[in-house]
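Asks: Here it is: the structure, laid out below.
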There are 2 protein chains.
Amino acid sequence: MADTDEAYVLRPVGRVVSPLTDAASAPRQGDEGTPAAWLVFDTSVERALRDLSVGAELLVLTWLDRARRDVLAVHPRGDESRPETGVFSTRSPHRPNPIGLHRVRVLAVDGLRVQVADLEALDGTPVLDVKPVLGAVNER
Amino acid sequence: MADTDEAYVLRPVGRVVSPLTDAASAPRQGDEGTPAAWLVFDTSVERALRDLSVGAELLVLTWLDRARRDVLAVHPRGDESRPETGVFSTRSPHRPNPIGLHRVRVLAVDGLRVQVADLEALDGTPVLDVKPVLGAVNER
């Protein structure tokens with residue numbers, strides 16, 4: 001196969017500020033009951049976020065900095081009665097490149113700070129990217 | 001805000017093998033008409049992909065290695081009649097951390113090679129991660 005020896009460097013564009021500080025008590029997905037959180041962006045990306053508006057549905061990509069990268073199979077949702085499953089078939093945070101993918105809704109925008117609903121990431125989690133949820137083909 | 005000076009290192013887990021070799025002629029999204037492509041994984045992640053099966057709906061995360069990282073605003077879909085928009089409100093490949101997000105369907109599995117429909121990434125694009133599309137809360 002093609003060479004995969006090279007590496008790429010991610011530089012966070014911001015940070016999650018959230019009441020969620022403990023992985024054990026955080027919800028496993030954002031739509032399973034989460035408090036509102038803030039995305040606090042670096043001044044260097046101010047121009048990239050200028051069109052975010054209240055009500056927008058977004059995908060937030062994060063770096064799950066407390067995850068393990070050497071885990072290749074898990075019991076889904078930590079339930080040992082479920083068979084061990086390859087991580088590419090689960091949403092486990094533990095995976096070779098622990099990138100979190102979160103669907104959120106914008107509640108408020110205040111300069112470099114964007115408040116969102118449904119973000120289950122822990123306080124301090126680095127933010128990598130923000131993308132709009134895609135609508136129908138003719139609305140793109 | 002919190003410190004964002006640190007950096008994180010991505011190591012590709014595989015590579016896209018696709019008839020699409022030219023950004024100018026590739027579709028802008030996977031559901032806008034794309035040929036079947038293969039994800040060719042590194043032997044080191046064989047255990048992570050062992051539960052992928054034909055018909056599965058997946059999210060593939062890639063590193064858009066031909067994108068620019070210094071672009072913060074674009075005309076959506078390259079259409080100069082549309083107003084310049086911050087990249088966090090667009091799906092432009094050009095963005096500070098150019099991570100591609102692709103929804104695909106598995107057509108075939110052959111050891112370390114997985115054939116998928118609807119992948120608009122170019123031939124050679126590094127694969128970072130694979131996640132299942134989430135179903136209803138009670139099916140997780």
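Cβ atoms here come from the backbone N, Cα and C positions, even for glycine.
Values in this document were obtained by computation on a predicted structure and should not be read as measured data.
According to TrEMBL, the protein carries these features:
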type	residues	note
DOMAIN	B:10-140	domain 'TsaA-like'
REGION	B:77-96	region 'Disordered'
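Could you place these features in context, so I can see how deep they sit and what lies close by?
Replies: Over the domain 'TsaA-like' (B:10-140) the predicted model carries a mean pLDDT of 92.
Same-chain residues lying 6 or more positions outside the region 'Disordered' (B:77-96) and placing a CB less than 8 Å from one of its CB atoms are 28-29, 64, 66-69, 71.
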Asks: What are the DSSP helix/strand/coil residue counts across the region 'Disordered' (B:77-96)?
Replies: 5 helix, 2 strand, 13 coil
